[in-house]
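Listed in TrEMBL for this protein:
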| type | residues | note |
| --- | --- | --- |
| TRANSMEM | 30-48 | transmembrane segment |
| TRANSMEM | 54-76 | transmembrane segment |
| TRANSMEM | 88-108 | transmembrane segment |
| TRANSMEM | 114-136 | transmembrane segment |
| TRANSMEM | 148-169 | transmembrane segment |
| TRANSMEM | 175-196 | transmembrane segment |
Amino acid sequence: NIVSFMVYLAPVPTFYKIYKKKSTEGFQSVPYVVGLFSAMLWIYYAFLKPDTTLLITINSVGCFIQTFYICFFLFYATKKAKMDTMKLLLSMNVVGLGLIILLTQFFAKGSSRAQIVGWICLIFSFCVFVAPLGVLRQVIRTKSVEYMPFQLSFFLTLSAVMWFFYGLLRKDYNIAIPNVLGFSLGVIQMTLYLIYKNAKKVTKEVKLEIAEIVGDEELKLSEEILKEQIIDVVKLSAMVCSEIIPMVTAHELKNEINLPQLNVIINEDMIIKPKAIIQVS
């Protein structure tokens, strides 16, 4: 329960960012609506089984925290985001959960009711654990763990281990089996974090060096524009230094070359000499 409580508190930094910016920006409400549905479903399952105080307590706390997150999100969300969130809440937490409760109450009896709800919880838990695969794909593609915090991955993995042994010792395989997948994915997430943890730091160091050279406190150019400019500089260097430039006087340069498009101020006594030859591979 303590570990699961830490997992519930993991999104707090995200909502602090929303509070500071007074906007939800690109954040989505889906994880919190799904989290609320999961907590409510497990509470219903716990009421159908004997001696499930731990399940009831932690999921009750989860319902409260997820509801707070959703209300906080709705307060700062745009009109479209609010409408999408309300539609998802109604379809999943009201209609979906309501149908599960009604159907199992009227069409199932005794222990079979708990088994049916347990299978629903098991399948849904699998779906929840599979959801982070998109994040793993992004980490491998970008070679950056910016959007995969290590603390969250660690507590999710630890939580999966705890609930696996809890389900195993109680011989409740609806709890134990999904957490095998959760543990496996958690180990993969932490392994990827260790592999790519320095990628973000390197990017920051490069940006700071460029900002220092430019002499600007805030680097206004985006990464894509910066890449294009670097490519243009390399191309220009290749054009200018493709052959050795002979020494010429400023007077000869004026007579030989006519560049009306350029506003160049040339000193009569200045002699143009190539300082270096850049070899471009």
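Using the three backbone atoms N, Cα and C, a Cβ is placed for every residue, glycine included.
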Short question: most Cβ pairs under 8 Å with the transmembrane segment (114-136), which of 54-76, 88-108, 148-169, 175-196?
175-196
With Cβ-Cβ distances below 8 Å as the criterion, list the same-chain residues six or more beyond the ends of the transmembrane segment (54-76) that contact it, or say none.
1, 4-5, 8-9, 11, 15, 18-19, 22-24, 27, 29, 32-33, 35-36, 38-40, 42-43, 45-47, 82, 85-86, 89, 166
